[in-house]
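Engineer: So that we are looking at the same thing, I have put the structure below in structure tokens.
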């Protein structure tokens, strides 16, 4: 395990690899009807202005004090490894697996913080990572898309502690491949398992099908299922996975074909199969078929359960005109003695809030509490989003306080909503207060939270604070794939306000060798165009040359802009250098330089035209085209 720090140091600095995939999801042995509502139903040194990043306060449990102590050390020294290791060595921390896991969890999306701590712990005498710690680290690395490092860790586990390698690691790996739509790699995990002393069984294969079907690859899952029929004989679990996948995509004919295959295999559908089919009908808008299926279920001796009613209510809540029908289904459910649970109530609240009926949402909220069903953060989230749409900031704050009084503490998603609204309304100090409160409650901001704050600071002119948060986000390893909208807005505002050095500092933090950010042509184009727009032509050209050193060819309009700017400066030397490299790159890519150059010039001319003139010209052209034709020929042309 000691060699792992060397292996990962080599891998972590590279771009994410497609040869090794992540394994973040915990093993879920229940295969179908995920009852968590989807997106359809949920639609950073203090400054004199009170703006800045703060350290969180303590949690009250066994590890609380040490966790926050370590987290503060990581926050303060993560960009300077020698100082970080010295501070950790002098901290007097008693390492044990439970503490390591808590620290990794505390780091949240800040993968670099957890990674640095894991490496430091690896080097400590007398300490050895447990299976749970290694699995947690695998989750963090895979979430950072450092897949080479993930494989490096597993390989090191095989050499030093092979008994720590369990099938669940590979199940998580398959799920991460599936979520990235890398079906071939997901299937290849089955072939890799024997190399680590494990043989894939029916459970592992079932997890593979389940992962593919839940991530939109049901067609590929069907092929894998057919190809491996002999090795893994069909069972009800496999068919249920395929049925779920087809129903989720709204392909009911294929779903019915799965039912036929199921019967041919001598298998009878159970309540889960019926619920999946019911969900398929409901979300395809075929409510009459869904109701008929409910009646058929009763005839077959399957009394619809809360899952069945909930999928109907969720589907009905998608349409404003069918909210009354959703309530009728809810009443019918109670009439049949089926008690609604938190997901059912949340679906109703989500529907009312989605269509602006917040008062009815609160009414359902009160009703569920009276019946002993305690709302969750997801439930409150529906109402919070509705208040955000109406820009009701005070109501959001009141709801947060109400949640706290009821023992349901706001999660990261809820803070994101309220902070976003505060920034939108110009309440930057309130946004910072909420940020500080969030971190004090032990919540680590993710990329969404950082982006919200950065955009809020930028829009209100707090550019120094925006830069600080941006650099903090990058240093925590959260910004591995640039959010181009945020990057463009920040760089453009800095250059526009003549803060060129600050802009260069921002760019350097994502382009240096230690950064895990993925920089492509789009990111470089944003930076080069921002410099050019403010008249910094030579700097733009310098960065363009840097980009080409990385074997990235500038876009045609970027080349055309730089040539135009250099022509005005009478700087033929730099123009010749850039042109020579572009010609060479075009040749290597079997492109015509003349066509490339012409395309760039045409793009500049097109962008220089006022939009109104272009539309007017287009209309005039159409008028001339059809002038003098008869109605029949004009209709034919259209």
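The backbone N, Cα and C atoms fix where each Cβ goes, glycine too.
Found this in Swiss-Prot, in case it helps:
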- 130-164: repeat 'PPR 1' (REPEAT)
- 166-200: repeat 'PPR 2' (REPEAT)
- 201-231: repeat 'PPR 3' (REPEAT)
- 235-269: repeat 'PPR 4' (REPEAT)
- 270-304: repeat 'PPR 5' (REPEAT)
- 305-340: repeat 'PPR 6' (REPEAT)
- 341-375: repeat 'PPR 7' (REPEAT)
- 376-410: repeat 'PPR 8' (REPEAT)
- 411-445: repeat 'PPR 9' (REPEAT)
- 446-480: repeat 'PPR 10' (REPEAT)
- 483-513: repeat 'PPR 11' (REPEAT)
- 520-554: repeat 'PPR 12' (REPEAT)
- 604-638: region 'Disordered' (REGION)
Engineer: Treating G and I as helix alongside H, and B as strand alongside E, what does DSSP give for the repeat 'PPR 6' (305-340) in helix, strand and coil?
Structural biologist: 27 helix, 0 strand, 9 coil
Engineer: For the repeat 'PPR 6' (305-340), find every same-chain residue at least 6 residues outside the stretch whose CB is under 8 Å from a CB in it, and list them.
Structural biologist: 33, 35, 37, 40-41, 271, 274-275, 278-279, 282-283, 285, 287, 290, 294, 297, 347-348, 350-352, 354-355, 357, 368, 371, 373
Engineer: What residues in the same chain, six or more past the boundaries of the repeat 'PPR 12' (520-554), come closer than 8 Å to it by Cβ-Cβ distance?
Structural biologist: 482, 484, 487-488, 491-492, 495-496, 498, 500, 503, 507, 510, 561-562, 565-566, 568-569, 571, 574, 577-578, 581-582, 585-586, 589
Engineer: Mind checking which residues of the chain, 6+ beyond the ends of the repeat 'PPR 4' (235-269), have their Cβ under 8 Å from one of its Cβ atoms?
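Structural biologist: The answer is 31-33, 202, 205-206, 209-210, 212-214, 216-218, 221-222, 225, 276-277, 279-281, 283-284, 286.
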Engineer: Under DSSP, the repeat 'PPR 7' (341-375) has how many residues in helix, strand and coil?
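Structural biologist: Going through the repeat 'PPR 7' (341-375) residue by residue, I get 26 helix, 0 strand, 9 coil.
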Engineer: Averaged over the repeat 'PPR 5' (270-304), what pLDDT does the predicted model reach?
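Structural biologist: It averages 92.
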Engineer: By DSSP, how many residues in the repeat 'PPR 3' (201-231) are helix, how many strand, and how many coil?
Structural biologist: 23 helix, 0 strand, 8 coil
Engineer: What does the DSSP secondary structure composition of the repeat 'PPR 12' (520-554) look like, as residue counts for helix, strand and coil?
Structural biologist: 26 helix, 0 strand, 9 coil
